[in-house]
Amino acid sequence: RIMRPDDANIAGNVHGGTILKMIEEAGAIISTRHCNSQAGEPCVAALARVERTDFLSPMCIGEVANVSAEITYTSRHSVEVQVNVMSENILTGAKKVTNKATLWYVPLSLKNVNKVLEVPPIQYARKEQEDEGKKRYEEQKLDRLETKQRNGDVILPVINPAEPHTVSYSQSSLIHLVGPSDCTLLGFVHGGVTMKLMDEVAGIVAARHCKTNIVTASVDAINFHEKIKKGCVITVSGRMTFTSNKSMEIEVFVDADPFVDEPRERYRAVSAFFTYVSLSKEGKPLPVPQLLTETEDEKRRFEEGKGRYLQTKAKRQAQMQQAAQQ
């Protein structure tokens, strides 16, 4: 579809959350189709996880987004979907890849939303493809468990924010009542809706910190720990965890309060790290102000963010060297 002004920021760059929402819609369609391809109990595929995705090039107002999805692996109860996003300038015909993403879905029964159904297997062209897919499946399963153990953190509101460039100065929250238009046939929030809200909050944190135009550079793995029902009030909270010379890492939580017909207490539903860059009016990268850490927890999170940054940087350099050798 063509990108409209309400899809973009004031500089004309399409919001990362808009692209993430389109990616998730494509993944949900193809995985739901596949899970209902054989006779059996009808189901809807629910998003469980999004692997790290990089925003390879910006997309602008007036360009056409083409989102394509392919199922690349199935386990007994999950589906791996690879999604590619291309942008096309319809005036010049120029095309470019903007995103590549990997998503994991599980099929939930329409009759019983707590029942996970079995996934029809796919046919692999080569045995190696199945082995590689199984390896990715085991890795994401382990990472989901590790991430869930870190979910005790909360982001408390700040009444009197401190000086600029501190964590408390830029942290932000958004409160949203989950309505019917946000939900799937099962009455749970679409993963793409949640990711769009998360990107919005992370973008506000980044803009407050830099006071410049900012764009999403990448999103670390997004883990959907628990479903969010229609009628819940969700709080999407973001805080700066790390800054390098040219990038910012923002941690985002989604907490759900099931107010309607549900005695349950607030719970952590989704968590992720977003990376942003600061741009000039001409679209050139700008230096990012150094994050000022004040507490021991902030210093610990900064060092953890630095470790993720260096690990990603090393992996990218290794991929570039491998590509050059080929």
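Here, residue 1 is simply the first one shown, and the rest follow in order.
Quick reminder: no glycine exception, Cβ is built from N, Cα and C everywhere.
The feature active site is assigned by TrEMBL to Asn9, Asp199. The compositional bias 'Basic and acidic residues' annotation in TrEMBL covers 297-307. Look at TrEMBL and you will find 317-326 tagged as compositional bias 'Low complexity'. Taken from TrEMBL, the feature domain 'HotDog ACOT-type' applies to 1-111, 168-282. Sequence annotations record features per position, and here TrEMBL assigns region 'Disordered' to 295-326.
The Cβ of Asp199 (active site) has His15, Gly16, Gly17, Leu20, Thr216, Val219, Phe274 as same-chain neighbours under 8 Å, each 6 or more residues away in sequence.
Counting same-chain residues at least six beyond the ends of the compositional bias 'Low complexity' (317-326), none has a Cβ under 8 angstroms from any Cβ of the stretch.
A C-beta separation below 8 Å, combined with a sequence spacing of at least six in one chain, links Asn9 (active site) to His15, Gly203, Asn213, Ile214, Val215. Counted with DSSP, the compositional bias 'Low complexity' (317-326) comes out as 9 helix, 0 strand, 1 coil. Taken residue by residue, the compositional bias 'Basic and acidic residues' (297-307) breaks down under DSSP into 11 helix, 0 strand, 0 coil.
DSSP labels the residues of the domain 'HotDog ACOT-type' (168-282) in these numbers: 26 helix, 54 strand, 35 coil.
Note on the domain 'HotDog ACOT-type' (168-282): mean pLDDT across this stretch is 93.
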